[in-house]
């Protein structure tokens, strides 16, 4: 007798056999439309990337069915022997990539990784220091409306107004004055190499923990294009999907066994419940890619492409904050063109170039308006763009912003011209040809 005869009704069979296009055409169309957008747009958002087919497969696997509270070998549920393999692969690959002794791959996001560190090391009301959002920090580094700003006492440090770089002497002065329990370095819109050794010296002077949030540059570290903060920090957190180019999520790294135990407990059961095992599998797949020699080549290209894009824009009259970039990202000040960040980002999006509005340090504009845009080269580098293409991208951005400056009420003609050029350019660097 066929096993299919045992279904109580045909709906059970279709539940396991029918594709999304059959069961939910509306959702399938939204996903298909997003695929087309990614294929035909130049992605310059500094926090996004394009993952491999392998990462997509791992994250879309049957591991989504498995609950696995706890850690490998110490689960609260049975049947975890195979997901244990996936998580152990993620952990061991992280340790190898970043040359660290302990790793936690369970945080659902970078924000939750940061929250778990706060839970492990701080008590409500404790003082900590982080780069202010206005200078390129992150909302989890002390923004008043965030958990870190509500539960703790954040002290923000800013970049120097003249050099537009971190003022380490001022950081030390603030640390000596406020005696923080934790000092955070790293941010979401700071494009220069950070002196981790100096930060550790400052932390040691006041008896503080040093935490590095390397969400934006962990991929650069993995590809040997940026100093490794694990050599100096008590704890390092990161996302896994930006330049790192793995499945979307967070990680926590440390070289201290006593702290590792605290972080594990803070993640589970302190801050999260069951880990997302399909996501951890996707992370593991991406981590293996980061261990391969061609990942270093990718990082070299990301950095070289950022330099050429930055220089092209500077030569065309834009101001690049801090004068350039040491990373994948750059903060572009639009005030020389009398254009606001929100208007530029919208017009560029209409032209199939995707970026985000971003405040510049000490910006007088509101957060939803801004005086700048933030650009990153990692996603377009992943699809194969090189120096020639990024020089072209710089010219296309210039064309759109200049058009907007000259005709702020209607930049449609320029947007259409650039959009056609972008579609032609991206067609030479196809992605996900077998997806529908």
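From the backbone N, Cα and C atoms, a Cβ is placed for every residue, glycine too.
Per Swiss-Prot, the features are:
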BINDING   133, 137, 138, 139  (6S)-5,6,7,8-tetrahydrofolate binding site
MOD_RES   242  N6-(pyridoxal phosphate)lysine
SITE      241  site 'Plays an important role in substrate specificity'
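Note: the CA-CA distance between residue 139 ((6S)-5,6,7,8-tetrahydrofolate binding site) and residue 242 (N6-(pyridoxal phosphate)lysine) rounds to 17 Å. Following the DSSP three-state reduction, the secondary structure of residue 137 ((6S)-5,6,7,8-tetrahydrofolate binding site) is coil. If you count neighbouring Cβ atoms within 10 Å for each of the recorded positions 138, 241, 242, the highest count belongs to 242. Working note on the binding-site residues 133, 139: by count of other C-beta atoms within 10 Å of each C-beta, 133 ranks first. Geometry remark: residue 138 ((6S)-5,6,7,8-tetrahydrofolate binding site) versus residue 242 (N6-(pyridoxal phosphate)lysine), CA distance 15 Å. Apart from 133, 137, 138, 139, the (6S)-5,6,7,8-tetrahydrofolate site neighbourhood in this chain, defined by C-beta within 8 angstroms of the site C-beta centre, holds 130, 131, 132, 136, 140, 141, 142, 143, 187, 188. Contacts of residue 137 ((6S)-5,6,7,8-tetrahydrofolate binding site) defined by a Cβ separation under 8 A and a same-chain sequence distance of 6+ are given as 130, 131, 156, 184, 187, 188, 190, in order along the sequence.
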